[in-house]
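Annotated ATP binding site per Swiss-Prot: ILE643, GLY644, SER645, GLY646, GLU647, PHE648, GLY649, GLU650, VAL651, LYS669, in sequence order. Under the heading compositional bias 'Polar residues', Swiss-Prot lists 910-928. Residues annotated as domain 'Fibronectin type-III 2' in Swiss-Prot: 453-548. Per Swiss-Prot, region 'Disordered' is recorded for 906-928. The annotation topological domain 'Extracellular' is assigned in Swiss-Prot to 30-564 on the grounds of sequence analysis.
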Amino acid sequence: MDSNADISARRVSGMDWLWLVCFFHLVTSLEEILLDTTGETSEIGWTSHPPDGWEEVSVRDDKERQIRTFQVCNMDEPGQNNWLRTHFIERRGAHRVHVRLHFSVRDCASMRTVASTCKETFTLYYHQSDVDIASQELPEWHEGPWTKVDTIAADESFSQVDRTGKVVRMNVKVRSFGPLTKHGFYLAFQDSGACMSLVAVQVFFYKCPAVVKGFASFPETFAGGERTSLVESLGTCVANAEEASTTGSSGVRLHCNGEGEWMVATGRCSCKAGYQSVDNEQACQACPIGSFKASVGDDPCLLCPAHSHAPLPLPGSIECVCQSHYYRSASDNSDAPCTGIPSAPRDLSYEIVGSNVLLTWRLPKDLGGRKDVFFNVICKECPTRSAGTCVRCGDNVQFEPRQVGLTESRVQVSNLLARVQYTFEIQAVNLVTELSSEAPQYATINVSTSQSVPSAIPMMHQVSRATSSITLSWPQPDQPNGVILDYQLRYFDKAEDEDNSFTLTSETNMATILNLSPGKIYVFQVRARTAVGYGPYSGKMYFQTLMAGEHSEMAQDRLPLIVGSALGGLAFLVIAAIAILAIIFKSKRRETPYTDRLQQYISTRGLGVKYYIDPSTYEDPNEAIREFAKEIDVSFIKIEEVIGSGEFGEVCFGRLKHPGKREYTVAIKTLKSGYTDEQRREFLSEASIMGQFEHPNVIHLEGVVTKSRPVMIVTEFMENGSLDSFLRQKEGQFSVLQLVGMLRGIAAGMRYLSDMNYVHRDLAARNILVNSNLVCKVSDFGLSRFLEDDASNPTYTGALGCKIPIRWTAPEAVQYRKFTSSSDVWSYGIVMWEVMSYGERPYWDMSNQDVINAIDQDYRLPPPPDCPTVLHLLMLDCWQKDRVQRPKFEQIVSALDKMIRKPSALKATGTGSSRPSQPLLSNSPPDFPSLSNAHEWLDAIKMGRYKENFDQAGLITFDVISRMTLEDLQRIGITLVGHQKKILNSIQLMKVHLNQLEPVEV
C-alpha cells in the first residue's frame, strides 16, 4: 500500500507544472463523487458494532444547519474496539478511490481521569466485494477481512464540548487506496478509545477532463489505479488537421496521471495544407481568399507573394499560381514570389585592341525580380557587302572568362579576324528564362576590327637534320590577317638560358638553321610578319641534331610537305580565292536542316593544312614523342595525391611550375614500374596523339617526362572529372540549355578531330572530361586510329580481335570492324542520350548480344525523361543504319547552335514527329520467356481488351504474331493509333526475343 499525504501537502512536481503551464495549460482534474454525507439531514443508517459504540446523531454546523454525524466517546473502559461500516459503494469504473474525512477529536489531556485509555486517532479500512454481502456479522468485525488504509490523527483537538452543540475544531484529511478490481467496496472506521465526531465522509475518484489541445480531441479518461499510474488516451485530430509526421510516433496520445491531470504528450496534430490555427490550437480554419498555406504544419496562412494569385476564388488554397509571364524556378520555394525574365543589358560598349574586343555593359534595368542574372554572348560574323548573311562565329573565337553563363558584366573576345564586321548580342537570362515562351532580351552592337598582326603558327615540322644543321617547315598562320611578308625564327640550346637565343628571317615557310652543335637539343619558335607587324611566337618545339658520325637524314615521307612549303605563298592566294568562291556558292544553295545559314567550316585540304599523323608510322616511336610532345623537367612537377588508376599505372593530381611562370594544376599519368618496351610505346603513343591537337574542347597535353622514372604524361587538370559520373552526381541540377551547351562543346571537339581526319573509336561520356567552368573536352585516345584521306571510302579497319564498346559503337563497326567519322557520329548520339539522362547506362541492363539484336531490328533508344523532341530526333539521325545518312559533326554543331539561339525549340518533349518514327526500346519490356500465349502477352502490355480480336483472327502463337504489320492490326479491328503503335512496338521486341533463340552470327 502506498503512503498517503495530506491534501495540503499535495503539490504538482516541478516538471509536471512546467509542462502544464508551458505546453498544454490544461484545465484542472475532475472529481467523480461516489459517496457524500456532507450536509446530510436524514438518517444515514450505517452499521456500528458493538451497538453501544458509534452512534448517529444530529448536530448544527457553523451555519446553524442541522446535519447528521457519527460520534463515539467510550474512553472510560480500556480495550475499546468500536466499528462503523458504510453501505456498499459501487466503484463505477474507478481504479483508485479517494476519501475526504471531516472530523473532530477531543484532547485527551482535558480528560485526566481517563487519560491512560484515551486515544486521539482512529483507523480507516476498506473491503472489496462484487455484491452487497453486508449483515450484522459480515464482513466480520475484526481486521482480518479488511484492508487498512491508514491511521488517522487529528491536527487539532478541542478540550470541551460546545454547549450549543456546534462542531468545533474541524479536521479535514484525504486518504486514497487502490487499485480496485471488484464491483464495489465498504469503508470501515475503527475507534480504539477516542472521543470524536465523524462529521462528513466524501468518497470520490479523479478523472482527466475531455480536452482539445494541439489540434487533437481527447475524451474524458479515468485516473489509474496507482498514484504514479499514467493511463494512455488516444486523441483524434480535429477537423482539417492531420497527424504530424514525427519520427517514432504512432498516433496522438496524452496520459492521465493518478491525480486526474493530463501530462506526457506524444505525437501531435497539425493543420492541413490550406488551413491555419485558430482559438489557441483548438481548431483549423481555411486560409482566407488571397492567402495560402503550402504544407501541413502550425504556420499561419500567408498572403500570395508578388505576381501570384490563388488558383480559385475560394478559401483553403494550398498554393498561389504565377500570373502570366511570371514564373518560379525549380529551386524556388512554393512561397517565393513569381519572377520574370530580365530586360536587356544596358549601355553595351566595346573597346578594340588589335583583333581583340572588350565588351562591357551594365545590369538590366529590370532584373525580373531575381538576383540570379547571367549573360550569354552571341557572336556573328557579318560580311560588309552582303547584308543579312551574318553567320555564327567559328570555334576559334575565344571568350574570356566564358561565353555562356557570365556573372560579370564584361567579356574579352579574342582570335577575331582582322577587317571584319562583327555583331555581338549580349543576352540577359535568369533561372526562369527557360520557362518563358519569350526569347531572352538582349543588347546588340556592331564592331569592325582593324587590320591586325598574324595569329600564332600552330606547329613546326622537321624536314631534315645533320650534325650541325636542321631544316624546318611550318604551315601558314590560321589567321594571316594580311599578306605574310616574312617569318622570324628564334632558337636556342635547350641547356642554356632563353636569353641567349638567335633569330633567323625567312621569306618562305621553310628554313635551314646552320652552325649548330652535334647531338644537341634546340628549342625553336617561329612567328609571321605582315605590314602591321609581327604576330606572336608559336609554342616551343624541340628538335635534336645528329650525333657526330651519324649520317644526315631526310624525312622522305614528308616530301609533299617540303614541296608544299616551297609553294606555300602562291598556294595561299589560290586557296583564299577558292574559299571565297566556295562561300558565295554555298550561300546560294538550299538550306539543309542542320546549317541554318551558319558559317560552314572551310577546310582547304591543301598545303599548310594541319593533319593528324599516326605515331605508329614512325620507324622510331621516340621521334614521334620528340616531335609532338614537349619534354618537361621532372623538377618542375609536384605530385600531390593519387586520384585514380589506369591500364598502365596511376593517375595523379599535381602542380606544374615552369621557371619564371605561375604554377598551375595538372593531371599526371604515370607508367608503373616493371614495364616492357611495348608497354612504354603504347603508353607514350597517347601523348604523341594528344600533342597534335589544340582545341578548347579537346584535352590539352602539357608535355611528357621520359628522361626520368616514372615516365609521365602531363595534361591539363579537369576539376569535375568524367562526364558520366559528374552528371550522376548532379542529377537534375542543370537546365536543358546548359546540357545542350555541354553537347555543343563535345560536338565542336569532335568536328575538329574529324577535320583532322581522326577517328576516335571510343567516344563515350566516360571519356569526356569536365572542368570547373562546365567546359567538356574529348579525351582518352587509346583506341583511336588514323583515318586515311580517301574521300570515297574513308575507313579504318580494326584488328579482328580488338575489344569494342558495343553500346556506343555503330553497327557497321561492330559487324565489320570498320571505323569512320560516321561511326563516331553514332557514338556521339549515344553520348547525347547519356547527357540527357544524367549518366544512365545506355540500353540499361540488356546484354551486349541483346543490344546487337535490337539495333539490327531497327530498335533505337527512347528519349530520356523530359528530353526535348528536337534533341531526340537529332539522336535518331545519328543512329541511322546507313552511315551515309548520318549528319556530319559540322552539321551537328550547327543544329545545336540553332537550339541555343532559339531555346523555345527545346520546350517540346515526347516522341511525336511528322516523319515516320522508328521503334523505340522500353526500359521494362514484357518478360517473353515467362509468357506462354497471346493472352498473357496482351495482358502484359495492358492490351487485354483485344484478346477476342486475336482469337477470331487465329493469331495464337508468337511466331505468327511477330510477323504482323500495321495493316494486319487494322484488319482485325484495332483502329486506335496509340494502341496500334504500342502493340507494334511490343511485336518488334517479340522479334528480338525470337531471334535470340536462334544462333546469331556477329
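Glycine residues also receive a Cβ, built from the backbone N, Cα and C atoms like all the rest.
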Cβ-centroid neighbours of ATP site ILE643, GLY644, SER645, GLY646, GLU647, PHE648, GLY649, GLU650, VAL651, LYS669, 8 Å, sequence order: CYS652, THR670
Integer average pLDDT (0 to 100) for the domain 'Fibronectin type-III 2' (453-548): 88
For GLY649 (ATP binding site), the three-state class that DSSP assigns: coil
Cβ atoms near GLU647 (ATP binding site) (within 10 Å, other residues, all chains): 10
Other CB atoms, at most 10 A from the CB of ILE643 (ATP binding site): 14
Helix, strand and coil totals (DSSP H, G, I; E, B; other) for the domain 'Fibronectin type-III 2' (453-548): 3 helix, 40 strand, 53 coil
Cβ atoms near GLY649 (ATP binding site) (within 10 Å, other residues, all chains): 21
VAL651 (ATP binding site): tally of other CB atoms within 10 A of its CB: 16
Cβ packing number for SER645 (ATP binding site), 10 Å threshold: 13
